[in-house]
Amino acid sequence: MAYPLQLGFQDATSPVMEELLHFHDHTLMIIFLISSLVLYIIMLMLTTKLVHTNMMNVQEMEMIWTILPAIILILIALPSLHTLYMMDEINNPLLTIKTMGHQWFWSYEYTDYEDLAFDSYMITTDSLKFGELRLLEVDNRMVLPTDLPVRVLVSSEDVLHSWAVPSLGLKTDAIPGRLNQVTLTSMRPGLFYGQCSEICGANHSFMPIVLELVPLKYFESWSASLA
């Protein structure tokens, strides 16, 4: 989860988020090298008094600044494509959940179970218990099993919303009349928080998302008690 004054990403909870963190570090390293080279050239130009009279027609230099950016773009594009394909790949999900955005709450329907559906509203500040997080707690959490592929279908009943859980690397737009899908696999149990990430009206800030990831046997007990 996030902490006060945190500058980095949340700890990765899924393979997708781990890939995103690796890609971020890879891209940041390339940006750092480019920035260092540009700053070095600027300092060199500001401090040196030497003049190259043939600078206007140097084919070697033109080849370098054409080929080098192409190589850099390839180094960025290849891992980017790998991560994108990994995020879109859905192989035999063992559970499918339909998530609907409303103004201003979420509703969840476990399509593999009969009559297992509920709405999820934010708990107001005056109703919080000791240790609960302000603007992040809900009355009904989305409970999922760990270490199993889960498909989440996302749509909206009214306006644009966005279902996002940063520690799992998830952010999917909820669009009225359209069904988007995303897959998630949690590597450890716990509580994971998210929020609506698309401005959707006056109470946009009051649409938290809470995922409770538990071992499979506890999930089966929970689903049996509600179904």
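Glycine too: its Cβ is placed from the backbone N, Cα and C atoms.
Swiss-Prot lists His161, Cys196, Cys200, Met207 with the feature Cu cation A1 binding site. For Cys196, Glu198, Cys200, His204, the entry in Swiss-Prot reads Cu cation A2 binding site. Residues or ranges marked as Mg(2+) binding site by Swiss-Prot: Glu198. Here Swiss-Prot flags Tyr218 as phosphotyrosine, drawing on similarity to another entry. Per Swiss-Prot, the feature topological domain 'Mitochondrial intermembrane' maps to 1-14, 88-227. Under the heading topological domain 'Mitochondrial matrix', Swiss-Prot lists 46-59. Look at Swiss-Prot and you will find 15-45, 60-87 tagged as transmembrane segment.
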Exercise. Any residues 6+ beyond the ends of the transmembrane segment (15-45) with a Cβ under 8 Å from its own?
Worked result: 9, 72, 75-76, 79-80, 82-83, 86-87, 167-170, 184-185, 187
For this session: Look up Cys196 (Cu cation A1 binding site) in the DSSP assignment and reduce it to helix, strand or coil.
Result: strand
Exercise. Where's the emptiest Cβ shell within 10 Å among the binding-site residues Cys196, Cys200, Met207?
Worked result: Cys200
Problem set entry | Long-range Cβ neighbours of the topological domain 'Mitochondrial intermembrane' (1-14) (under 8 Å; 6 or more residues past either end) | 20-21, 24, 166-170, 184-188, 190-193, 213
Problem set entry | Near-site residues: Cu cation A2, ref Cys196, Glu198, Cys200, His204, CB cutoff 8 A to centroid | Gly101, Trp104, Val159, Leu160, His161, Ser162, Ser197, Ile199, Gly201, Met207
Exercise. How many neighbouring Cβ atoms, not counting its own, are there within 10 Å of the Cβ of the residue listed as 'phosphotyrosine'?
Worked result: 15
Exercise. Looking at the binding-site residues Cys196, Cys200, His204, which has the shortest Cα distance to Tyr218 (phosphotyrosine)?
Worked result: Cys196
For this session: With a 10 Å radius around each C-beta, find which of these binding-site residues (His161, His204) has the fewest other C-beta atoms nearby.
Result: His204
For this session: Mind looking up the mean pLDDT for the topological domain 'Mitochondrial matrix' (46-59) in the predicted model?
Result: 71
Problem set entry | C-beta crowding around Glu198 (Cu cation A2 binding site), within 10 angstroms | 18
Exercise. Looking only at the topological domain 'Mitochondrial intermembrane' (88-227), what are its DSSP counts of helix, strand and coil residues?
Worked result: 21 helix, 61 strand, 58 coil
Exercise. How do the residues of the topological domain 'Mitochondrial intermembrane' (1-14) split into helix, strand and coil according to DSSP?
Worked result: 0 helix, 0 strand, 14 coil
